[in-house]
Every structure is written in C-alpha cells, then in structure tokens.
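The next block holds one structure in the form of structure tokens; read it before the comments.
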Amino acid sequence: LQGIFVLGLPYALLHSGYSGLFLLILAAALCCYTGKILITCLYEENEDGQLIRVRDSYEDIANACCKQLSPELGGIVVNVTQVMELVMTCILYLVVSGNLLSHSFPFIPVTEKMWFVVAFVTLLPCVLIKTLKTVSKLSQLCSLVHFIIILVVMTYCLTQIHHWSWAKFRLSIEFEEFLVSVGVIIFSYTSQIFLPTLEGNMKSPGEFRCMLNWTHFFACVLKTAFALTAFLTWGEETKEVITDNLPSFLQTIVNLCLLTKALLSYPLPFFAATEIVYSCISRGNNSNYRSRLFALGVRGSFLLLTLLMAMFIPHFVLLMGLTGSVTGAAMTFLLPSLFHLKLKWKKLCFLEKCADISVFILGFLCSLAGAVCSIKGLLKVFG
C-alpha cells in the first residue's frame, strides 16, 4: 500500500486540485471495500451457519463464478490477468533500479542497459525464495526504507513551511490530466492480487477485516500528509517524481534509498507470479513438474524474462500504463464486485448490491479512461 507510486502523489495533486484530496480518501475506502468482499467470496456457510473457507485463491473464486460456462475458464482469465500485472510490476522495479543506478553513479561509463544487468544480478537470490515468510521479511525492510524516504522529504518540506500557500491548489482541472491523477491515486492502493494468499497465511484470519481497515486508514493518512506537504512546498514546480525537486545533496541519498526500496519490492510480485505459473504447470500426478529443480527453473526463467523485456521493449512505460489500466482496474474493482454479486446475490441486501454495482461501473470507467490515455500516448510516440 506504500509503494513507489506514492512519490507521484504530489504531482497528482497538482493536476487534480482539491478533488485530489477527496480522491485519496475515496480510493482508500473503495480498495479496502473490494478487498473485504473478495475475501468474503472465499467462504460459504455450512449447515450450522458457520463460515467455512472453501476456496483458496482468486482463481478458485473465478472458477466458482464461471462453472456453468466452463469449469476452468474463470481461473484461466484471472491467472493470465494476474501474471500480466505482476510481470509488468517486476519489470517496472527493474527499470526503476537501472535508472536510479545510472543517476546515482553518472561518473561510471556504463550504459543504462548495463545497469539493468547489474540490478538483475543483485536479484538472482530471488530464485531461492520458497515461502511467503521470506518475502514478508524483505517487505518489512522495504517498508522501513520507504519511511526513511518519506521522513527525509517531509522534513525538508517542513523546513520550507514559510513558503506554503493554499492558493497553490487548483479549483479548475483539465479532464485528461485529471484522469492521469485518478490512475496514480487509485493504483497506489491496489493489493487485491495478494489478499487471498495473505489471508490464508495469517495466524488469525478472523482479524483480516480489522487489519485491512487499519492498514488502509494509516496508508490514507500518510499518503495525504506526504502529498499535501510536498505540493504546498513546490506548487506549480512539482515534478512527476517528487524526489527530483529535492536539492542535489538530498537527491543522492534519497535515490540510493529508492534503489534499495525498488530491489526489496521486487520479490513480492515475483514470488506471486511464479507461484501462480508453477501451480498451474504442476497440476496432476506428474512428479517431474513438482520437483525443486523444476520450480527453480520456473523462477529463473521468469527472472530472465523480466530482464529481457526491460532491455528490449521500446516505450515500455507507456505499454505498462496500458496494461496496468486494464488489468489493475479489473483485479481491483471489476472482478471483486462482479464475483461478489455472482456468489452472494441472494444474501446481499439492496444497499450492498448497489455498492457492488457502483464499484463495478467506476472500475469500468477508470479502466476505459486509462486505456484511452495510454493508447493516445503510444500513438503520439509512434507518430
């Protein structure tokens, strides 16, 4: 919930004005809601009225919804969508790592693509990760580095408090720029892909809803405070990545922290993607596909794939924006609300049905708008 997207939030406020502050709160509430209804779809009541976990993953939920059409159709669609988004996320972290290495050590005569290889080598130990517990420890370190970055930026901003002015906020907004801001704000909260696995690995799954409430609440407070202080400091001069606004002596420190954060962020989407692919391939009774060596091969192939795509696909960021607009909105808004309506229709009250339908429509509009903006960007680049 506190990913690299956070660094773009002040820029999002520049283009969304006061409505951006409202969006920061609304996005937290919506993402928290869709997370809860997604986990609800994992459970069914038994004869005694007790909730029993009958499904283990996003794939299982999709298969249950589409079993009348095809027993495995829903799972295939969800798995392909999940893997696409996770792989794109991994490549983004690799590209960011290469860029940061290039900017942090400009005196070394090495091309940016060679820095991608350096980042790739540091990520090789990821192929040895076997459990979510290892990933969680790395994510914990990632969170620590993230708070250091936020602390440095906010401390500097607070030293410039005498320059702050609420007049810097816009009342009028341009529609296309506003859509970009909506995408940045909403997708800085997305975590639905990981929630079924996370809930299943909790020592006390009954505390999941409470955990989701508190994490989204604190994420909202931190994002709002960070975006607000940074935007009030630089106003119209706010850059796409807020660390570019910092004085040069702070930029180097923050860039190294960002590099550490990007490298530590990589294992979570990498682990999730490889687990999905490995579980799909190793189904059945063929023991050859369940060996440790085969699992190592799957992880190694995925790691190499992310490097090759980062190095050789031109305009990758625009392509990722297009994919993220479609897959991100689908996994965060469209599918959770659709699955909840399908599986729980008879048990939902009128207001709950209205809420799910509203979230579905909002997700569809966000996906459509993001796709249109990304396609326009690609068309402009290719003339």
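If you go along the chain as it appears here, the first residue is 1 and each next one adds 1.
Cβ coordinates come from backbone N, Cα and C, glycine included.
TrEMBL does not curate its annotations; it predicts them automatically.
Annotated domain 'Amino acid transporter transmembrane' per TrEMBL: 2-374, in sequence order.
Residues or ranges marked as transmembrane segment in TrEMBL: 86-108 (among others).
Look at TrEMBL and you will find 114-132 (among others) tagged as transmembrane segment. If you look at the transmembrane segment (114-132), the same-chain residues 6 or more away from its ends with a CB under 8 A from one of its CBs are 94-95, 97-99, 101-102, 197-198, 201, 263, 266-267, 270-271, 296, 299-300, 303, 306-307, 310-311.
Residues or ranges marked as transmembrane segment by TrEMBL: 144-166 (among others).
The transmembrane segment annotation in TrEMBL covers 178-198 (among others).
Positions annotated as transmembrane segment by TrEMBL: 210-233 (among others). Same-chain residues lying 6 or more positions outside the transmembrane segment (210-233) and placing a CB less than 8 Å from one of its CB atoms are 1-2, 6, 9-10, 12-14, 20-21, 24-25, 28-29, 31-32, 35-36, 150, 153-154, 156-158, 160, 163-166, 168-169, 188-189, 202, 242, 245.
According to TrEMBL, the transmembrane segment annotation covers 253-281 (among others).
Outside the transmembrane segment (293-313), and at least 6 residues removed from its termini, the chain residues within Cβ reach (under 8 Å) are 87, 90-91, 94-95, 98, 113, 116-117, 120, 123-124, 126-129, 270, 273-274, 277-278, 281-282, 319. Taken from TrEMBL, the feature transmembrane segment applies to 293-313 (among others).
Annotated transmembrane segment per TrEMBL: 319-339 (among others), in sequence order.
The transmembrane segment feature in TrEMBL is assigned to 359-379 (among others).
Against the transmembrane segment (178-198), the recorded stretches 86-108, 144-166, 253-281 differ in Cβ pairs under 8 Å, and the greatest number is found for 253-281. Residues 3-4, 7, 59, 79, 82-83, 86-87, 89-90, 93-94, 96-97, 100-101, 103-104, 119, 122-123, 126, 129, 132, 134-135, 138-139, 141-142, 145-146, 148-149, 152-153, 193-194, 197, 243, 246, 289, 295, 298-299, 302-303, 306 of the same chain sit 6 or more residues outside the transmembrane segment (253-281) yet have a Cβ under 8 Å from a Cβ within it.
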